[in-house]
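Lifted from Swiss-Prot, the feature list:
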{"type": "BINDING", "residues": "Asp67, Asp71", "note": "Mg(2+) 1 binding site"}
{"type": "BINDING", "residues": "Asp67, Asp71", "note": "Mg(2+) 2 binding site"}
Amino acid sequence: MKEIVEQNIFNEDLSQLLYSFIDSKETFSFAESTILHYVVFGGENLDVATRLGAGIEILILSSDIMDDLEDEDNHHALWMKINRSESLNAALSLYTVGLTSIYSLNNNPLIFKYVLKYVNEAMQGQHDDITNKSKTEDESLEVIRLKCGSLIALANVAGVLLATGEYNETVERYSYYKGIIAQISGDYYVLLSGNRSDIEKNKHTLIYLYLKRLFNDASEDLLYLISHKDLYYKSLLDKEKFQEKLIKAGVTQYISVLLEIYKQKCISAIEQLNLDKEKKELIKECLLSYTKGDTRCKT
């Protein structure tokens, strides 16, 4: 990733800032998923696949930075500790560098076409998330599909395109499912951690929209808590009791059922791939071994 920045950014101060952002990354799961899909679909040039993965990781990093700036959270991140205008400019620089790197591979014009498609979808999903467009759970799931699923589809479909030269709709489909799995799992654990951005901005998360249906007294009480910030933060001091409230309101069961539904959708789609059983199992292991507590869209 640093090599790509070095090749495209001549401003030394900006380069050093971008290097520090890259160094702060703890995982490179999108690049890993790109390379995995490239290999299982028959690709053999790992050098090219690695360069594609690095370009995609740069795009994801730019997306993470812009997401944090827009949501005004993740305050421990380096880009949230400096002037916001400087961070925004750095994010746009990374975005441009990432696209330039992918375009320069010049292997298949379809790769760049689909990268732009998924980036465009993710931005529109992010817009709907910021503006609280979702009024129903189905609308929220569609926003999640666009905002999160599109980025995972970007990594996986690009890897397949590099290997085969052809777009694979099945890969796109299960990538969207994976995005939904990652986000709804993250939303649940963020609720337990007291993410101030979601609460302060009264975000129309899937859980919030579920609670608004007021299935029982417990869901009404929980919605009241979330709508009154001081009471919500105070209730989080006793995590065990708060978790009991989530169970009584049906939130825990609701999220568990949704996770299982989309997990099975993901598995079913993977089984439709024209690949050996061992390769299908490898994809399942990669996609479905997400970590509890993940709050971002991860592969």
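Backbone N, Cα and C atoms are what each Cβ position is placed from, and that goes for glycine too.
What you see is a predicted model, and the numbers here were worked out from it, not measured in a lab.
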Cβ neighbour count within 10 Å of Asp67 (Mg(2+) 1 binding site): 19
Helix, strand or coil at Asp71 (Mg(2+) 1 binding site) [DSSP, three-state]: helix
Asp71 (Mg(2+) 1 binding site): tally of other CB atoms within 10 A of its CB: 17
